[in-house]
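Undergrad: After the C-alpha cells below, expect a handful of questions from me.
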Amino acid sequence: MRLPILIINFKAYGEAAGKRAVELAKAAERAARELGVNIVVAPNHLELGLVSQSVDIPVYAQGADVEAGGAHTAHVSLENIKEAGGSGVILNHSEAPLKLNDLARLVAKAKSLGLDVVVCAPDPRTSLAAAALGPHAVAVEPPELIGTGRAVSRYKPEAIVETVGLVSRHFPEVSVITGAGIESGDDVAAALRLGTRGVLLASAAVKAKDPYAKIVELAKPLSELR
C-alpha cells in the first residue's frame, strides 16, 4: 500500500453504477496521474471486475464474506475479489460490520492472497484492537459523522489524534487513515496535519457535479505532503 492514500468508496450509489463506475474510476486515475498520488477506487462488487480491467490504479473491494470460494450462493469471497482484479479490500465498514473472529480470519486470508487490507473502526480503542489483527491500515470513522458533511478532521479531531497515538505506539507497522464527513480538500489537509496517512471518503467524490475536479481538490493535499 503506497502512502499517502485517498480511497474513494463508490458504495451502492447510482452515480457510480455500471458504466458510470468506469467513468468515475477513470477520473480518479487521471487525477492520480496528474498529481502523482495514490488514489484507490472501491466500486460495488458488481462493477469491480469491469473497473479493474479499465484502469491501472488500485481497485479495492468494499467488503468480503468469510466463506472461501465454493458452494456459497450469493457470497463474495476474497478469492473472487482477487480473480476479478481487486488489489485490496475494505473490511468492517460501519455499514457492513463483522464479528471479530470473522474479521480476524478475513484479514489473515486477504494478506495471504497479497491483497491490501484496510479495516474500519468507529473509535480509537476499536482502532487499536483492529490494528492488532495486522491489517495494512486502520480507518477511524466515527459513524455518526459518515455522510453528514461534518468532517471528522474538524468536528472530532481528537478521535484522529488519539487513534494515531495509540496505533503508532503499539503497532507502528499499521498505518492510520480516517474518514467520515470528508467533503473538501481542506478537510483532507486537516486530517493529514493530525497525523493520518490518508483518507477514505465516498459521497464527496461520487456525487460531485464534476467528479474529476472534486477528486483533484481532495487529492491535492496528498501531493503537498509527499
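Including glycine, each Cβ sits where the backbone N, Cα and C put it.
Pulled these from Swiss-Prot:
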ACT_SITE  HIS93  active site, electrophile
ACT_SITE  GLU141  active site, proton acceptor
BINDING   ASN9, PHE10, LYS11, ILE146, GLY181, ALA202, SER203  substrate binding site
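Give me the local environment of each listed feature.
TA: Listed in sequence order, ASN9, GLN62, GLY63, CYS120, GLU141 are the same-chain residues at least 6 apart in sequence whose CB falls under 8 Å from the CB of HIS93 (active site, electrophile). Classification of HIS93 (active site, electrophile) by DSSP places it in coil, neither helical nor stranded.
Here the Cβ of GLY181 (substrate binding site) has 23 other Cβ atoms within 10 Å, regardless of which shown protein chain they belong to.
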Undergrad: Given the recorded positions PHE10, GLU141, ILE146, and counting only Cβ atoms in the protein chains shown, which has the most within 10 Å of its Cβ?
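TA: Its Cβ has the most other Cβ atoms within 10 Å: GLU141.
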Undergrad: Using a 10 Å radius around each Cβ and counting other Cβ atoms from all shown chains, which of the binding-site residues ASN9, SER203 yields the largest count?
TA: ASN9
